[in-house]
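Lifted from TrEMBL, the feature list:
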- 12-26: compositional bias 'Basic and acidic residues' (COMPBIAS)
- 98-142: domain 'RING-type' (DOMAIN)
- 383-425: domain 'MYND-type' (DOMAIN)
- 1-26: region 'Disordered' (REGION)
Amino acid sequence: MSVESHAAEPSPRADMEGGNEDHQQTVEERMQAEIAEHKEMIGAIPDVTYSDKLSMSPHKKKLAQLEFKYQIFAEKKRLARALSKFEEIHGDVHSEPCLICLEDIYIHASISVTKSFVCCGGFVCMSCAGDLRELEKCPLCRRSLLENDKVAEQASQLMALAKRGVSWAQREVGRSLVHGRHGFKKQVQTGLEWLNKAAAQNYPSAMFDLSVFHRNGVESELETSQEKANRLLLKSANLGYALANSDLASYYIRGADGFERNPDESYFRASVAFALDGTNEQAALMLGALYSDDKEAVPESSLYLECYYMNIAANGDGEGLACRLYSKALNNLSIHLHGDQWQIPGSNAVPTVFFWLRKSRELGHNDTRELLKEWESFWQSRCANCARKAQSDEKFKQCSKCNAQWYCSKECQVGSWRAGHRKDCKRAGILDFEDYLNAD
């Protein structure tokens, strides 16, 4: 499953519109009944010996799949309600049809939802853009795309579009001039003027850029002003720019940068951001954290939704924090599902937790380095099969595939592999949480 697919199904609007409500309620009831039936079956299975727990493990895994399916179904409906409420308050979010498939898209919600062409100024949705990767000509104006490979040519075409009043081009020209890149010589004041032209057309991403510049300042050209920054941020967010909404969510949960602490508003803004752009990693990180333990904002915590959102954030993580938080959520979910037998081969999340902790370390997250040392010290001194502890001068054999389990002997390693560790190894590197949960 790709990252882009996280916001794709089921259709949020379809869930909320009149005649579908009874049908959707029936679907939910059916899911709940299936979960209740599975719990009852698990309750009837003996849970005394290790063999009992081993045989119960697949049933608990199936229960996890059913519960996640239900919770994500309900969550997507909740996101649709949040977006509907947002539009009731602030007006409809601007949308236009893709010029190829004609599917309506929120073209101003995020720069990641469309692919724009500097040759003609047109755009297509990212789904259609993926189908056009090998084309040599623009699908809209038929001009050669190879001509746009040169930086100077791209800059010239972008400036021509900006002068024609194309708002996204004005924003790109403005940013390029402020930073002196993409074929533009650095001219901060001129860049700010272009950004203001785009903002004057209610282009929310340009307002967001100006908000950032007013908050942080731009050399000697623009003094900081929290008041202006917040006014622009709110306007950008209320026009439906996902990144502005996720920034607001961050400010509201912390009570920072001129915004009073408001957990409810933080939850609402993060939900709107993700409903608008299902690849928004900042919104995903916020929602994952809120579903972890924030009883002020969310009606009920959810390990499944915490894992789901943290996984999206972790897959786009550049600093290591989200990877660490996702590893923690996976560990907690495993304990929740399997209790004191959460290390049973075939249902053991330890290799996966190690995978994401190491990823966090590789990204430079300093706190993870110490945590990983503690984990490695603990696990390499215990046989993952028979639980025997290593003597002071004894080194156990490490699994060469996942590098996350250690064994006192070849016999224990083979026994664990046959009992189900081969499945744990295979799952460890799965990047998508839903795929991980459903893997054999």
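Glycine too: its Cβ is placed from the backbone N, Cα and C atoms.
Each residue of the domain 'RING-type' (98-142) gets a DSSP state, and the totals for helix, strand and coil are 6 helix, 9 strand, 30 coil.
The average per-residue pLDDT of the prediction over the domain 'MYND-type' (383-425) is 93, rounded to a whole number. Note: the domain 'MYND-type' (383-425) comprises 16 helix, 5 strand, 22 coil (DSSP; helix = H, G, I, strand = E, B).
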